[in-house]
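Asks: Copied straight from TrEMBL:
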type	residues	note
REGION	1-32	region 'Disordered'
TRANSMEM	50-71	transmembrane segment
DOMAIN	158-340	domain 'ABC transmembrane type-1'
TRANSMEM	162-184	transmembrane segment
TRANSMEM	205-231	transmembrane segment
TRANSMEM	267-287	transmembrane segment
TRANSMEM	294-312	transmembrane segment
TRANSMEM	318-339	transmembrane segment
Amino acid sequence: MSEGAGTADRSDDRTRTDGGTADTAPRSETVSDDVQTRFDRIAKSRRRRWIGISAVVAVVGYMFINALQAVEWFDANLTQYLPTFAEALRDFFPFLVILDGFPFIWIDWSGFGQYWAFITEQNLIYDDEFFADATSLVDYPITLLTGPGGPLGVLGVAGETLAMGIAGTLMGLPFALLFGVLGSGRVTRFPFNFIFRGTMSAIRAIPALIWALIFVPLGGIGATTATLAIATDTIGNLGRLYTDELEEIEDGPIEAIETAGGDKRQVVTFGMLSQVSTPFIAWTLYVFEINVRIAVTLGIIGGGGLGQVLVVQEGLFAYTNMMATILVILVLIISVELFSQRLRARIRGDEPTGFIELLKGFPRRMAESALK
C-alpha cells in the first residue's frame, strides 16, 4: 500500500518536472478566476457609471423643474395667447398670406415692399442726405471721406451701430493689452498679477448693459454712453483672452533672449508678444464681432442705432417695421462675422482665397452645392 503510494507520488513529481498536466487544472482555475474578477470589476464600474449618470440627470431635472417654477412657467398659460401671437406673426411677415380654409400659405411678393419702404424711410442702411451738399462727381469722394462719420455715415442707422462697435473695441484695446500682459504670471510675479486678473474679472462680472447704466450720469443715455460701456466690457473680455494666450507660449524664445542679455522689456516684446501677435489679432476681431452685437442690445435702452429703432417700433406695436429692422440687424451682424472670419483665416494662413475672390465665387459654390 505504502509502496504504491510512493510510486504514485514519484509519478506525480516526474509529471510536474517534465511539464505534464498535473498543474494544468489549478492554473486554468487561476486564469478563470482572474478573468471573472475583471468582468466583475467592469460590471461594477458600469453600475457605478449608470448610477452616477442617473444621479446627475435627476439633479439637473430637479433644478430644471424648480427653475421653471421660479419663472412662473406653469402659471403663464401661454396657449391662451396663441391667437394673438399668430396675428402678430402675420404682421411680422406681411408677404405670407394664410388662405382661410386651405392648409397652405401663399406668398405675396408685394409684402417685401413694406420692409423696404420702412428701411428707406428711416435711413436704416443708407443716409440719403449724406451727399446732399455734393454738386459734382468730385464732391462725392470728398464728402465720403470728410463728412460726419466718414464712410460709416453713409450707412445711416446701421453705420451708427457699427461705429459703436468699432469705437468701443479700439478704445478698450490698449487697456486690454496692458491688463492682459500684466495679468500673466510670466510677466508679473504672483500675487501682483492677480491685481490685474481680479480687475478684469470684476469688469467681466458686470454686463455691458449695466455698464451703460453706470455711465448714464456721465454722458446721459445715448451712443456715447453705449460706446463707453462697450470699451469697458472689452477690457475685461479681451484682456482675459490675451492673458490666456500668454500662458501657453513656448519657453525657447524667452530663454534665448535672456541668454543674449535682453532686459525684461525686450523679453516681453520679442520673446512673448512676438509669439502671440497672430492670436491677439484673431481674438480682437472676435471680440469686435461680439461688440457689434452688444451695440444692438444697448440701443434697446436708448443707446442709439438699430436697437433703439427696434424698441421704438415695438412700443408702437408696428411689428412689420420691427421685422424690417431685425432683417437689417441680421444683414449687419452676418456681414461683420463673415468679414471677421475671413480676415482671421487669412491671418492664420488657413484661407488662401482673398475676400473679394470669395464673394465672386459665392454664386458658383452655391450652385455646386445645390447640384450635389
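Just so it is clear, glycine is given a Cβ too, placed from its N, Cα and C backbone atoms.
Curation does not apply to TrEMBL; its annotations are automatic.
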Asks: Does the transmembrane segment (267-287) reach the transmembrane segment (50-71) with at least 3 CB pairs under 8 A, where each pair is 6 or more residues apart?
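Replies: Counting Cβ pairs under 8 Å, fewer than 3, so no.
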Asks: Among the recorded stretches 50-71, 162-184, 294-312, which has the greatest number of Cβ pairs closer than 8 Å to the transmembrane segment (205-231)?
Replies: 294-312
Asks: List, by number or range, the same-chain residues at least 6 past the transmembrane segment (50-71) whose CB is under 8 A from its CB atoms?
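Replies: No residues contact the transmembrane segment (50-71) from elsewhere in the chain.
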